[in-house]
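Chemist: I have a structure here, written as structure tokens, and I will follow up with some questions on it.
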Amino acid sequence: MASAGYDEHYPTFYIGQHETQRSLPVTDEILRQAQAWNYDMLTTPITTPYFHSRVLTLLSNYLSELSSLSGDDLTLSSSNTLPSNLSDVRPPKSEPPAPVIPSLSPVDTPLTPNDTISQIIACASSWIDLASPDPLIANISRQVLNLEMAYAAFCGVGNIVIPGPRLHHQGRNTGEGIAQYARAVQEALAAGPFLQVLINLPMVDQIDAELDEDVMGSLAPFARDQYTSQSTLGSSKPGSKKVDMFGTWDAWHIIRTMCKYNSRLSVVLNLPRHHPPAAVQSRWLSEPVRIISIHQNSFLKNSKGYPVLSKANQNIITRFMRLRTPPWFLLSDVGPIPGFELNNNPQATAAAAASAAGFLSPSATADAAGGVSKSPSPGASSPTPAEAAAATQQSAEASKRSKDPTPHLSYMRHLQRNQPAKTPIERFGAGYQDYLQAPLQPLADNLESITYEVFEKDPIKYEWYERAITRALRDWVDYKKPMSGPRGRSVVIAVVGAGRGPLVTRALRASEAARVPVDVWAVEKNQNAYVLLQRHNEEDWGGCVHVVKSDMRAWKGPWWDESELQEERGTTSSSIPEEPELDEDDLSLAGSSGFGVVDILVSELLGSFADNELSPECLDGVQHVLNPMHGISIPSSYTAHLTPISAPKLHADIALRTPADSSAPETPYVVMLHAIDFLSTTAVATEPTAAQEAEGTGTPSIPPALNASAGSGTTTTFQPNIKIAWEFEHPAPTNTLLFSQLRKGGGIQSGGGGLAGGDGANEHNARFAKLSFRCKDRGVCHGLGGYFETVLYDDVELSTNPVSMAHKSKDMISWFPIYFPLKAPIYFPDHSELDVSIWRQTDDRKVWYEWMVEAFVLLGEKRVRLGVSDLHSSKKNGCLM
């Protein structure tokens with residue numbers, strides 16, 4: 001294809017050409033010519049104008065037959081009044097059945113099976129009206145669609161575009177036919193098992209655009225009055241211009257829900273001339289948009305008369321191209337494929353070829369005045385007829401001056417060549433975006449080396465750990481704490497769950513940076529990693545590390561010779577005061593005779609939701625070796641965070657897994673959340689830095705879907721409302737662990753056992769939270785996004801929370817968020833509240849989560865419950881202790 005060969009660090013644009021009234025069939029010769037001009041694909045109608053006229057004739061004859069009939073059989077009521085509701089409208093008993101459209105004939109279609117059919121996108125007839133309130137028009141439209149779909153599938157077409165539902169009939173905002181439309185799409189999906197169905201939709205509801213589409217030959221005007229009358233539909237007044245910004249998305253949601261999130265159903269999204277609100281952009285960025293259609297009217301003219309996109313639309317394209325599966329582009333009605341006349345003019349051919357590849361002069365690509373188009377009304381998306389005519393003439397003049405017959409394509413190639421390079425995180429996450437992964441079971445399973453290697457590629461995490469250890473060592477000396485190493489001359493550091501040893505290396509570096517002597521112990525239960533740790537000790541660490549193969553919870557602590565241990569307890573450094581003598585209880589926690597204690601306990605046990613990989617249970621189990629008076633745990637605390645999200649792609653993926661795995665909808669997944677929409681947000685105005693303005697990347701702390709340029713340097717950032725569910729701190733209070741030991745044996749002081757089973761020894765690590773989120777715009781909740789923040793030591797922190805990550809641990813890649821799915825998504829209207837309840841449960845053998853979501857609408861001061869999800873439980877796939 002023409003787009004091949006570009007740097008993999010930059011997104012690739014696949015661009016097609018679409019003509020609303022394509023006069024010639026797309027032959028192999030035309031396709032090759034289009035590719036020679038740097039197009040990647042073309043669209044073609046499935047049927048011809050002849051088929052269109054045949055359907056119109058059939059419909060006209062049928063309506064004439066109806067009008068010729070007389071008598072009471074065709075009278076709706078004796079008083080000739082219309083019923084008050086559409087549901088009361090019934091076809092007359094004597095009305096003849098709807099006409100049947102005969103099968104296609106050779107003159108009805110230009111398509112034939114051939115080798116290049118895969119490079120063609122088929123378009124169903126734009127004149128049908130599947131959502132018509134008149135059942136006759138809807139029936140005929142459905143017949144046309146089924147005939148076209150079946151034949152396109154037969155020819156081997158891979159993608160077919162069908163016109164979206166009409167939300168307005170006779171200027172009224174009805175939307176009454178969406179269910180009828182969705183039913184037709186569901187039926188059409190059965191036409192071919194490999195056919196991708198793309199619904200052509202505007203980004204926002206466009207009343208004027210729909211009215212302009214009522215051109216000669218459309219079936220919509222043939223709808224009979226008794227089905228379109230205002231008294232029948234009870235809808236808004238004719239001519240009402242009120243725009244529902246989420247009206248188009250609402251229709252799409254009904255369609256894909258009725259089609260059960262079919263993976264072969266996606267969207268052709270029409271890029272508007274005037275950028276919609278950021279919330280609308282964010283919503284569509286989470287949906288399966290396969291193609292972005294850019295009409296000639298969506299382009300502006302810069303001072304030189306060249307077609308360009310507004311800065312806002314450039315930013316929309318940039319954000320879409322950041323997706324795991326970026327959309328293709330269709331340039332609509334920007335002019336025909338250039339003919340062969342340029343082949344006789346070498347200079348013109350060379351100049352045009354360079355332009356088509358995106359090599360344009362600065363004046364040709366300069367933004368239009370102001371950088372952003374201003375719209376007189378939110379729903380306006382098309383120029384007036386006079387503006388359109390002027391734009392066409394101006395485009396022709398500019399093309400003539402520049403000798404570029406494809407200026408719009410050239411501009412798109414220019415945008416491709418000037419896209420911001422992928423960030424290190426985007427390159428690292430390539431292939432992981434929106435990919436569902438089951439959480440690790442580090443206690444039950446031994447991890448592979450490749451898993452450790454992925455963690456170790458993080459450029460931030462281990463650097464921050466080294467800072468935390470360095471600061472802890474300096475504070476240890478500054479506060480004159482007694483050291484627990486042999487002869488009291490070194491700080492004992494234990495890296496528990498050492499893996500392949502990156503934290504051991506960082507601990508040794510921290511010792512050098514702080515100039516504090518240390519005694520390092522590496523504890524690892526994985527016998528395979530244990531071999532590598534010993535090799536590192538011989539080859540890299542100079543044999544100064546004590547490597548121990550053990551589950552950290554069973555480790556008794558650093559082992560010293562009895563003489564060293566006694567000397568340590570009785571020796572005083574000249575600069576460090578004598579360590580207070582420990583009582584018997586403290587000695588029992590510090591280890592038996594011959595075993596010392598650890599001063600600094602370092603671990604990297606955190607999961608995507610902080611505690612989901614059993615960090616609390618592991619650190620509780622190893623706390624008996626920690627210095628009971630001065631011991632430091634790194635990390636010292638961590639918090640779990642939640643927010644409701646819309647994630648249709650993830651929901652569809654889980655739905656595909658469910659037949660083979662009934663627990664799939666109740667499994668928390670680790671996933672690099674990308675094509676999602678945060679449902680509860682707060683608008684924050686920010687000023688982008690010079691680097692951000694140059695790259696067009698917006699505010700780095702917030703995912704791309706939430707940044708929306710206001711067009712004047714200021715960026716409106718819709719910051720997600722992400723709330724704390726619970727917190728864990730280490731070391732845990734000694735009394736808490738002592739009581740846990742009492743309950744473990746099920747003795748008389750242990751009470752009635754754990755609430756979720758077992759003796760209740762781990763009951764202190766159970767948690768519950770109920771959080772409420774206000775949602776300004778309607779939406780659908782598919783699940784919960786989970787994040788964490790942790791304090792390693794003092795003010796050294798790590799975060800996966802998109803709100804705080806930029807200033808706490810920017811560019812950290814070790815952890816992806818966690819996703820708690822819902823079996824059935826919950827739809828809610830504007831100005832709603834979502835209540836999230838989540839539990840961390842344990843029965844002393846495993847840990848699991850339970851969660852549910854409730855939707856409320858605010859009616860004055862009263863909250864009315866709209867819906868509630870199932871109580872989900874991951875007990876079946878809980879993390880084994």
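Positions of Cβ are set from backbone N, Cα and C atoms, glycine also.
In TrEMBL, annotation is done automatically, which means it is predicted and not curated.
What you see is a predicted model, and the numbers here were worked out from it, not measured in a lab.
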Chemist: Labelled region 'Disordered' by TrEMBL, one stretch among 4-29, 82-107, 212-237, 732-757. Can you tell me which?
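Modeler: The range carrying the region 'Disordered' annotation in TrEMBL is 82-107.
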Chemist: Can you give the mean pLDDT for the domain 'PRMT5 oligomerisation' (637-880), rounded to a whole number?
Modeler: 87
Chemist: Whole-number Å only: compute the distance from the Cα of F455 (site 'Critical for specifying symmetric addition of methyl groups') to the Cα of E613 (active site, proton donor/acceptor).
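Modeler: For F455 (site 'Critical for specifying symmetric addition of methyl groups') versus E613 (active site, proton donor/acceptor), the Cα atoms are 15 Å apart.
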Chemist: Roughly how wide, in whole Å, is the group Y452, K461, Y462, E524, D551, M552 that binds S-adenosyl-L-methionine, by largest Cα to Cα distance?
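Modeler: The S-adenosyl-L-methionine-binding residues span at most 24 Å between Cα atoms.
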Chemist: Given the recorded positions E524, E604, which one is most crowded in terms of C-beta atoms within 10 angstroms?
Modeler: E524
Chemist: 10 Å Cβ neighbour count around M552 (S-adenosyl-L-methionine binding site)?
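Modeler: A 10 Å sphere around the Cβ of M552 (S-adenosyl-L-methionine binding site) contains 24 other Cβ atoms.
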Chemist: Using a 10 Å radius around its CB, how many other CB atoms surround E613 (active site, proton donor/acceptor)?
Modeler: 23
